[in-house]
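Remarks on the structure that follows.
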Amino acid sequence: MTDTAAPAVKTGPRISGAFHRLLAFSGLIALVVAFSLASPNFMQTQNILAILQATSVNGVLAIAATLVIITGGIDLSVGTLMTFCAVIAGVILTYWGLPMPLGILGAILAGTASGLVSGTVIAKLKVPPFIATLGMMLILKGLSLVISGTRPIYFNDTPGFNQIALGSVVGQVFPAVPVPNGVMILFAVALLAAFVLGKTALGRYTFALGSNEEAVRLSGVNVDRWKIGVYAMAGGIVGVAGVLIASRLNSAQPALGQGYELDAIAAVVIGGTSLSGGRGTILGTLIGALIISVLANGLRILSVAQEWQTVVTGCIIILAVYADILRRRTL
Amino acid sequence: MSAEVGSGAPGPLVEMTDIDKSFPGVRALAKARFELLPGEVHALMGENGAGKSTLMKILSGVYSRDGGTVLLNGQPVEITSPRQAQDLGIGIIHQELALMRDLTAAQNIFIGREPRRFGILDEGRLNRDAAAIFASMNLRLDPTFKVETLTIAKQQMVEIAKALSYRSRVLIMDEPTAALNDAEIAELFAIINRLKAEGVGIVYISHKMDEIKRIADRVTIMRDGEYVGTVRAADTPIETIISMMVGRTLSAETLAIPNTAAAPVALEVKNLNRGREIRDVSFSVRRGEILGFAGLMGAGRTEVARAIFGADRRESGEVWVHGKRVGIASPKDAVAAGIGYLSEDRKHFGLAIGLDVRNNIALASLPRFTGPGGVLDEAGMQKEAVAYIRTLAIKTPSDTQEARLLSGGNQQKVVIAKWLLRDCDILIFDEPTRGIDVGAKSEIYKLLNGLAAEGKAIIVISSELPEVLRLSHRIAVMCEGRLTGILPGGASQEEIMRLATLREPAMQVRHAG
């Protein structure tokens, strides 16, 4: 069957796939260049660090959302789960007075447990991901308020807690570039997620599930178990975001959280991950999250009202997805 | 006609007896039987809906059986999942390609069994192992290509490679050659003969008689979910096998084909193009004519139909209806021009299965039933629906029955009624009898003939050659997006297959895309 082989055509989608990733990246570069030209204040080290810092929480949430979206699912609970994890850390550290590592661990475990519940409801009870995680979103929001008695929990008794996100280990070594720890944590989570997606069985099944779940089942793979695994891992990552936001605010704010899931999903989509599943990258999501922060920061520097920033972000989301549709059409 | 196992031969690998299986509303299997010896190619034959695939899905753990016994190497087994079937050494190549389009060929083959080192996927070994399997199949294919970039034929070869990689003792092939050309089929048969020599038992499901004669040792025939008989392939005439499949002799049913050469052209398509799926397709259909579309899976027949209907974009090409050029940008335009399209996937595209029969029939004609203030004229709708239920002999307790509760054949009739009510006189049928049982099939055929006799222009896309041959006045054959020929109704299967596998020379320019 060699003589009838159809040559060429194979490289097409690869090139355009790379092009699309390039598209988000060039969008980011274009934004940075435009804002630098528009305002001398933009391209300052302090401002760049502020942008990165502002990206850290949404970036971590978006990475969690990426994992779930590649399976063809959706997770609407990441925002309120983040708050729930922050509240759990508050309970462990402030109410119970336990050492800081236990608080961090508790937050991550709480996230993982919530992911396990979501994943189980989706895989075993066959509740659609949108509904299951919508339910979890409300459950977690309510639980956060109940546990905290609707009052913020402050971490004043845990010295150094705010240094988790705001301190800078890098700055101690290179005083010129005091990259905040929160940003380094974002990069670490991104590396971990990219590694899992690219190099482990869990990652392989994440893509496979989003591509053709029935085919995976027919291949004899325990679909339910892996699906639950993806949601659990995403939950654990949300736990990290919970620690980050609690550290940044030096408190767990139980009323916070709702709305964060939409920013996270926006970053994922701008980064080129398909909501229908099967394809997506962590790098793309990082770029997507950065685009949102750069936009917000740049427009603020140019004194554009916050209301308009929201309008622009909305336009960018639609444009990004339209670009993806154009790309697919050329397949 | 029953099989005799030669004395001293090893015991059967698989024995399935009295297998029953029902789906809601349908009895798929009733006391079905099957036996497979080691080193045997055992063909499983029967018309669509005869229960072949269902029986094999039970053997491979996709479905659970309602009754009967399954023996594997003489031991009773309960196979409850595809995973368990694999562990028992039973592999299956599914009829519908069960591939993950976003993964590479190698990743597809080893899904669920990825080689790992310290918990990390060993992509190098994965690709080497896949390349080794391809090499053993004489298949030149880069294992790192994503499946979605491969032709349907190559995708089918990936499925076959995947099944081989399990080193199964029992290998079920459900229409493995549906998208393959002659050279690829020869390669597959060489592989099958090698596996035979190693003692693997192979279940071979196919509609192609010549393949059965070439490769099978024995043939088991099924009809309407029941076991009919098992014969030796070598010394049983094809006519005997066919009459066992259909339960009667076919010659009695040859159709009288009216001459339509003089009728005016109803639909003309000129130079239709879209990427590599549709390449310069031109043809015409006359009033009162049934034009069949034959071709292998992925040849582009459905794509052509959807492009004409405006359901998919086209890059270039003209559609002329009754001598006038019409601009069709969406199905709305096509319907306005009198073209109706009956999708192969009725549940997804043809029927609103949650609505009742009346509303489904009226669905494309609602403006006609809309009175002042936008209120629907239920009485008018009911009158029309009841009329069509009578003329098309739709079996339904009433016009308010939900469409999903009807049988496949009657659902198809509801869709036909919908387009007739909309005054469509050009009807495109995509696999009109898929998933319809044998009895209802001939009724649909009769209906199509009747519509043609009334002067409708009809296009029938079908993957079953006997169906195309039985219905068509002329037969258009496609291969890889091109129309490779239009044959007269009495054409031979061989001639159709030749055109269906008439690929372009490999080195021809294919930069576009």
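Keep in mind that glycine also has a Cβ here, set from the backbone N, Cα and C atoms.
Pulled from TrEMBL:
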TRANSMEM  A:22-42  transmembrane segment
TRANSMEM  A:48-69  transmembrane segment
TRANSMEM  A:76-96  transmembrane segment
TRANSMEM  A:102-123  transmembrane segment
TRANSMEM  A:130-149  transmembrane segment
TRANSMEM  A:183-207  transmembrane segment
TRANSMEM  A:228-249  transmembrane segment
TRANSMEM  A:282-302  transmembrane segment
Chain residues in Cβ proximity to the transmembrane segment (A:102-123) (below 8 Å; excluding those fewer than six residues from its ends, i.e. six or more beyond): 73, 75, 77, 81, 84-86, 88-93, 129, 132-133, 135-136, 140, 158, 161, 164, 223-225, 227-240, 242-243, 246
Whether the transmembrane segment (A:228-249) meets the transmembrane segment (A:76-96): three or more C-beta pairs under 8 angstroms: yes
Contact set, same chain, for the transmembrane segment (A:48-69): CB under 8 Å, 6 or more residues outside the stretch: 75, 78-79, 82, 129, 165-166, 177-180, 182-183, 185-186, 189-190, 193, 197, 206, 210, 230-231, 233-235, 237-238, 240-241, 244-245, 248, 260-261, 263-265, 267-268, 271, 273-275, 277, 280-282, 285-286, 288-290, 292-294, 296-297
Contact between the transmembrane segment (A:76-96) and the transmembrane segment (A:22-42) (at least 3 Cβ pairs under 8 Å, separation 6+): no
Recorded stretch that, among A:22-42, A:130-149, A:183-207, has the most CB pairs under 8 Å to the transmembrane segment (A:282-302): A:22-42
